[in-house]
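Q: Sharing a structure with you now.
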Amino acid sequence: MRRQRQSVATARDAPSLEVYNIIPIHDFLTEHPSLRYPEVRAAAAALRIVGDLPKPPFADFTPRMDLMDWLGLLFGFQIDNVRNQRENLVLHLANSQMRLQPPPRHPDGLDPTVLRRFRKKLLRNYTNWCSFLGVRCHVTSPTQSRHQTNAVLNLRRELLYVALYLLIWGESANLRFMPECLCYIFHHMAMELNKVLGGEFDDMTGMPYWPSFSGDCAFLKSVVMPIYKTIKTEVESSNNGTKPHSAWRNYDDINEYFWSKRALKSLKWPLDYTSNFFDTTPKSSRVGKTGFVEQRSFWNVYRSFDRLWILLLLYLQAAIIVATSDVKFPWQDRDVEVALLTVFISWAGLRLLQSVLDASTQYSLVSRETYWLFIRLILKFVVAVAWTVLFSVFYARIWSQKNKDGVWSRAANERIVTFLKVVFVYLIPELLALVLFIVPWIRNWVEELNLGVVYFLTWWFYSKTFVGRGMREGLVDNVKYTIFWIIVLATKFIFSYFLQIRPLIAPTRALLNLKNATYNWHEFFGSTHRIAVGMLWLPVILIYLMDLQIWYSIYSSFVGATIGLFSHLGEIRNIDQLRLRFQFFSSAMQFNLKPEEHLLSPKATMLKKARDAIHRLKLRYGIGQPFNKIESSQVEATWFALIWNEIILTFREEDLISDREVELLELPPNCWNIRVIRWPCFLLCNELLLALSQANELCDAPDHWLWSKICSSEYRRCAVMEAFDSIKFVILRIVKNGTEEESILNRLFMEIEENVENEKITEVYKLTVLLRIHEKLISLLERLMDPEKKVFRIVNILQALYELCAWEFPKTRRSTPQLRQLGLAPISLDADTELLFVNAINLPPLDDVVFYRQIRRVHTILTSRDPMHNVPKNIEARERLAFFSNSLFMTMPQAPSVEKMMAFSVLTPYYDEEVMYRQEMLRAENEDGISTLFYLQRIYEDEWVNFVERMRREGAENENDIWSKKVRDLRLWASYRGQTLSRTVRGMMYYYSALKKLAFLDSASEMDIRMGTQIAPEPQRSYYTNDGGDNTLQPTPSQEISRMASGITHLLKGSEYGSAMMKFTYVVACQVYGQHKARGDHRAEEILFLMKNHEALRIAYVDEVELGREVEYYSVLVKFDQQLQREVEIYRIRLPGPLKLGEGKPENQNHALIFTRGDAIQTIDMNQDNHFEEALKMRNLLESFKTYYGIRKPTILGVREKVFTGSVSSLAWFMSAQETSFVTLGQRVLANPLKVRMHYGHPDVFDRFWFVPRGGISKASRVINISEDIFAGFNCTLRGGNVTHHEYIQVGKGRDVGLNQISMFEAKVASGNGEQALSRDVYRLGHRLDFFRMLSFFYTTVGYYFNTMLIVFTVYAFLWGRLYLALSGVEKIAKDRSSSNEALAAILNQQFIIQLGLFTALPMILENSLERGFLPAVWDFITMQLQLASFFYTFSMGTRTHYFGRTILHGGAKYRATGRGFVVEHKKFAENYRLYARTHFIKAIELAIILLVYAAYSPLAKSSIVYILMTISSWFLITSWIISPFLFNPSGFDWLKTVNDFDDFIAWLWSRGGLFTKADQSWFTWWNEEQEHLKTTGVWGKLLEIILDLRFFFFQYSIVYHLRIAENRTSIGVYLVSWGCIIGITAIYITTIYAQKRYSVKEHIKYRFIQFLVILVTVLVVVMMLQFTKLTVVDLLISLLAFVPTGWGLISIAQVLKPFLLSTVVWDTVISVARFYDLFFGLIVMAPVALLSWLPGFQNMQTRILFNEAFSRGLQISIILAGKKST
């Protein structure tokens, strides 16, 4: 540590030795590309305006120091923090000044406008905070002054404010999650700064005022550490997040403490460490929760979205009232009209419920300092009670008057009017809210006033919060999403009334009218038929509450597809469509990617926008010929060629295409005096042959006919002209200069060109001869490409060509003298007998790569008959090219030059995942003998072939050489096909590569761009001719593709590196990189390799330095120094303590955030990728920050994702399809028109300096913020941000590909949503958003998971209801007494509403239709169904339901690492059972038992058709929940593996385990872990769990009365006797277990004797009962269906009561019985698996289903699974 400090000190003494990050600000004499910008020097010079600032005492202030150093010494900031923020500030100011429009008059000086804008943006949150609290802001605005000195002082003061905030932020560590805490700190430090600047004196000492702390790390120790320790103490008290959220303060609580003036009074300045805010105060006296209390309850869903539930419940009540009346319309009957008034009583009652929930959850916020909150809670309760009573009294008076008069008299009507007046008073707040909704800008203005009167008026409705104000959107957006939701709600309510509510009225009346019915069991309260009505309505009500989700899904799908259609998505869906538009593609690329100078006049700007719109319209629809401009401009064509070829060469480097495909796809720069655009060969294929065919057919037609026919295809025209110009050049090139032969050839070509110009070709020449000329030209080119270069053959071919052209081609045969006269025959030779060209051939040397490469191109044009629809062959390459080309026809902002673009950073959090696959990992084989490399070779077969081809060019002779000479390349190739850090880094570094090349093109002169045609030489290539087929040429393995050929890299001049570095930074937050280095972990070496190969890559990590007993923690930034050729440390900033206090990932992001640069930051996960062609459009995307979307500029730019893992298996395809529809169509609708798009993970782009002072890009509180990303979106919306979505650019993303991985991911997301439902962010959004945006927010976040859970609950309610009706006898009674079954049919049909869930697949179908076409989308959907995709989606629904519900009820959310690996190995049965037993298997078995019992006792089930129609969807759910883990498990139905799995399961089940035994080793450990959530749940959670478990006793109660032994008796005694049987069975079991433990080891004979006695007694009892009672064997079997659920219910309740039973003997019995139950459940699940494994051919069918996508791509999955490697 001391050595590091000494090195820093040495660097200060010798500035040229100081390590820098991006710009060497410390030494402007250094040669660095970025220092050529005057803006950089201006920003750095402004910081050096120290002037007459007072010198800090006790510190040496040297002349070299600047304002940042002065602040560092003044307040005790760390040296490296000062250095880091100095570069941050200088870079930002320089980049901002570069973008300034109009440019500043003096570029060498910092423009005050730039600094003022930055100061306002950075400190806006602080100024809003001051206004909110009503305190004076300590940032004094500079006065406008023309005096030079005052202007400099104003500039300096603004710089000091900005620098001070950045220094505070840069050293605040975990405090950065608390933005208003930083405001508090800045507020007081700015006050001290003002006193110092103002020359004030200290009241205590009379000396000049100095800050209250200074010295080394003074800020860290005096300010940051005390608050940090308080956070740390609170987190430690949470018991790793397992305690209730209400028991400890998280980041939000501590931050919201600074939302009130009590923080100013309590904490003071300097900080009063004795304040009850700090951990120095005992827990009981310390400040508690602030602002909000997160209570774990399902009521949170109602409490946060009460307006939605009030609407649904009130409509339900009104619909039932109308449906039960006998009138057609409610206004036809005054009774109905009055009855409808009861909705206001219900409304008031629901408000009362809300007030009770508020009081019961937020009571802990009440303290002496917050007594007004207590008053509000009490008053809201009292007022809600008053309104409820008031409505009830006035309503009762209406009916009393009506009953008194007997009719609706005048007095009764007057009372109705009185009631309506009361209603009007009640509705006044709602009407006011409606008015403000119509004029949203007024509400925004009022909410942002920060006036006391506003708080007084809104105090009743909202707590005073700093966030959630001014969130209304503009009127246009209001209208759009209001219309959307009105249509959705209208559809839902009409559907619900006519198809859900009205059909149930008749069966309800029938059930209520049942009199003198005899039921099948003992009635406790005589209300069996009334309960039956409840059971009938329950599933309908659940469907009614959730089906709005389905209607939202349907309508949002159509709206999203329509928006996508008008956004021109999917217009170019494949390569064939790209071929049709390629001629416009070059213009589109230049239009979007080539910057233009900005116009200064606003009127001119509007004119330019109109002109751009018209031009874009022409490009999209091919109006006119935009490509003519490029064709006539050499520079424009070369510009396009350079970009296109760079994309193609990037594809080659990624091994997506072969060397041959590069030549077919590249667009060579213009050369050889060719007059047209040289389109890629794959576009010109077969075009020349078609032109020859047309010429042959129209040989006698006029020239213009033939030429118009050829010109009907632009590619054919270009092929003809290029072929002619190329052949002319080639022939003249191989003939010696100055020879007679050259003169003849020139004259011959001149004659042809003259005839072409005069349109006399068909008149002068016999076009039928062209085919023979064509054949000879092909022969000539092939001889030229022959490595042997036999000149005599070339001479013969040229002679033959001469004879054809001179003698046979003209229609009029000319004599030799005539030819000589025309200069077409030699004078010195006898043209009839002697050969020309014998001594005139001069072939280019073999190293003239340019010449021979063009020869190959001409040969391809002349010979190709293949339409080349499969070029490129690789599917990913085709999709990427299609999307990129399509995106350029979409609307996007105009790209600025690199110099004027917004700078940005990319940030990737990394922990300890794979960086690169190691050699031994690639070679290691699984149990089937399959290595990772072998798997990749089969999955990416064409890419492997391309890789081998590339390695052979680089020196490897065969594949074995790759293992010895090219191991690193091999590891990278494999790693780039997994979800590794190296893949992500490569993808993100494409930004740097793209910016360098774009910077060159921006600044290049015409001469520089023309240099693109001067292709550097390449190594010799050798080719051979393939004589088969169409005589195409194939390259040998030794050919080489060099970037020098047609890319931009060789043209770069050096300055582009500086531009790119200033505009782009990539920081990977490798949290434990220091630990990796310390222990020599291979990942450290691999990360170093990445830094070495990517100069813009920076690694941030946390270093732990042990100093005796203490440990100091540092945020460290390192890079690889290309000059020193080693890793160097750039910054080392001390942290107040360990990094991780809350959730690890956001805190890892947070510590590295200070090292990012630029105006924007893109958050990228470690499972993402990027493409070079997409990186080209980043400039366009960043320009969106300058555009208003609605009434606000965006603060988050949403970016489309491309899931790249969909091709691995069918399961991965299902997941990919589901994910793709969400990240495209789903988010498209959320952004527009619904305006509720949040931040759903990555790769969104954040406005960096908007988020820096507002808490950063994620939240990190333990457990509650487990889904840390989405809270950035919540925070953004609450603080007045705007989130947009852009689909013209995409970033790759990997998803989990195995069922277990997917399930863990679903569990993580569902648990995160469960925690979100408890959070303050969701509560505030639910209340502060307007009603319709609230609906959008609910149904796309928490509501989606809540409604998924309701779907499963509906199935439960329906089946339990059917079971109740059947076993109680109600169903039989209703059936017997009903003359028709119409009522019962209505009951039966209700369950089919559940199947409307099919429409949730609609988004996927429509998005697929949009981007791939309707028929392919339909075919994909059918294919997915044939591959049992419905099983997967139904199974996932169960996963989401389980974890969402359990998290809300009990907690237990945690981060689940999914692995992200390749999943081809077989998962054992025990592993699947551990993962899915509680989530799916047991629930499915419960439902199956219900259906079996119902089938046995329901009179309706006697009809097979009725039973099937009623239960088919339920049986499908059961089947999918049981069989899916094995259906989607490789070799899941292999008989040998099934047998082995069973043995493994039994061994695991009976394993005793131990203290350190893991769950996968012992059933006992796993069983205990499955109960962990019950340890942390509260009393209400345990009570609700017990209540839910009571349902299992219903089986026993209902079934025992149906046994024959009961003899149709319905007394309570029958039920009690059944419990006696259970007690007897339990006694027998306990006796057996006791005997086993006591005697089985030492006294085995006693144990066997006791076993014998127990068996004997049991058999005797059973036989006697069979003999002397009416007990039957069937009764015994049916009793199992009664007693097994009872036993499981007892075990489940015992688990809840574990703390009370653990120390008793009962607990051992519970464990033993639970083990047998898991054995029983395991056998039930194993049975169908074993049966299917035994069936012949089923395993092959399962493999086909699982890997069908791979089969369609020619993969040999069967070989992979069998482990038979092909040679």
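Just so you know, glycine gets a Cβ as well, placed from its N, Cα and C.
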Q: With TrEMBL as the source, identify the stretch among 1577-1600, 1673-1696 annotated transmembrane segment.
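A: Of 1577-1600, 1673-1696, TrEMBL gives transmembrane segment for 1673-1696.
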Q: Choose the correct range: of 639-657, 677-695, 1057-1075, 1418-1436, which one does TrEMBL annotate as transmembrane segment? Give that range.
A: 1418-1436
Q: Tally the residues of the domain '1,3-beta-glucan synthase component FKS1-like' (156-272) by DSSP class, grouping H, G and I as helix, E and B as strand, and everything else as coil.
A: 78 helix, 2 strand, 37 coil
Q: Please give the sequence-distant neighbours of the transmembrane segment (1647-1666): residues at least 6 beyond its ends with Cβ less than 8 Å from one of its Cβ atoms.
A: 1605, 1628, 1631-1632, 1635-1636, 1638-1640, 1672-1673, 1676
Q: Which sequence-distant residues neighbour the transmembrane segment (552-570)? Criterion: at least 6 residues beyond either end, Cβ under 8 Å.
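A: Hits for the transmembrane segment (552-570): 484, 487-488, 491, 620, 886, 889-891, 1224-1226, 1228-1229, 1232-1234, 1287, 1339, 1399-1400, 1402-1403, 1405-1407, 1409-1413.
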Q: Given pairs 6 or more apart, does the transmembrane segment (483-505) have at least three Cβ pairs under 8 Å with the transmembrane segment (1673-1696)?
A: no
Q: Take the transmembrane segment (308-324) and find every residue of the same chain, 6 or more past its ends, with a Cβ under 8 Å from one of its Cβ atoms.
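A: Distal contacts: 302, 330, 336, 339-340, 342-343, 346-347, 350, 493, 496-497, 501-502, 505, 541, 544-545, 548, 1334-1335, 1338.
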Q: Sort out the residues at least 6 away from either end of the transmembrane segment (1481-1500), same chain, that have Cβ-Cβ distances under 8 Å to it, and list them.
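A: Cβ under 8 Å, 6 or more out: 1355-1356, 1359-1360, 1362-1363, 1365-1367, 1371-1372, 1375, 1384, 1388, 1438, 1442, 1473, 1506-1507, 1510-1511, 1514-1515, 1517-1518, 1521-1522, 1592, 1595, 1599, 1602, 1678, 1681, 1684-1685, 1688, 1721, 1724-1725.
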Q: Checking distant contacts: for the transmembrane segment (445-462), what same-chain residues at least six beyond its ends satisfy Cβ-Cβ under 8 A?
A: 131-132, 134, 372, 376, 379-380, 429, 436, 468-470, 1327-1328
Q: So what's near the transmembrane segment (1506-1528) in sequence-distant terms, Cβ-Cβ under 8 Å and 6+ beyond its ends?
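A: That would be 1210-1211, 1299-1300, 1355, 1358-1359, 1362, 1388, 1391-1392, 1394-1395, 1428, 1430-1432, 1434-1435, 1438, 1467, 1469, 1472, 1475-1476, 1480-1481, 1483-1485, 1487-1488, 1491, 1494-1495, 1498, 1500, 1725, 1728-1729, 1732, 1742, 1745-1746.
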Q: Taking residues 6+ outside the transmembrane segment (525-545), which of them lie with a CB under 8 Å of any CB in it?
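A: Apart from its flanks, the transmembrane segment (525-545) reaches 312, 316, 496, 500-501, 504, 507-508, 511-512, 514, 517, 519, 1347, 1350, 1353-1354, 1357-1358, 1360-1361, 1364-1365, 1368, 1370, 1387, 1390-1391, 1393-1394.
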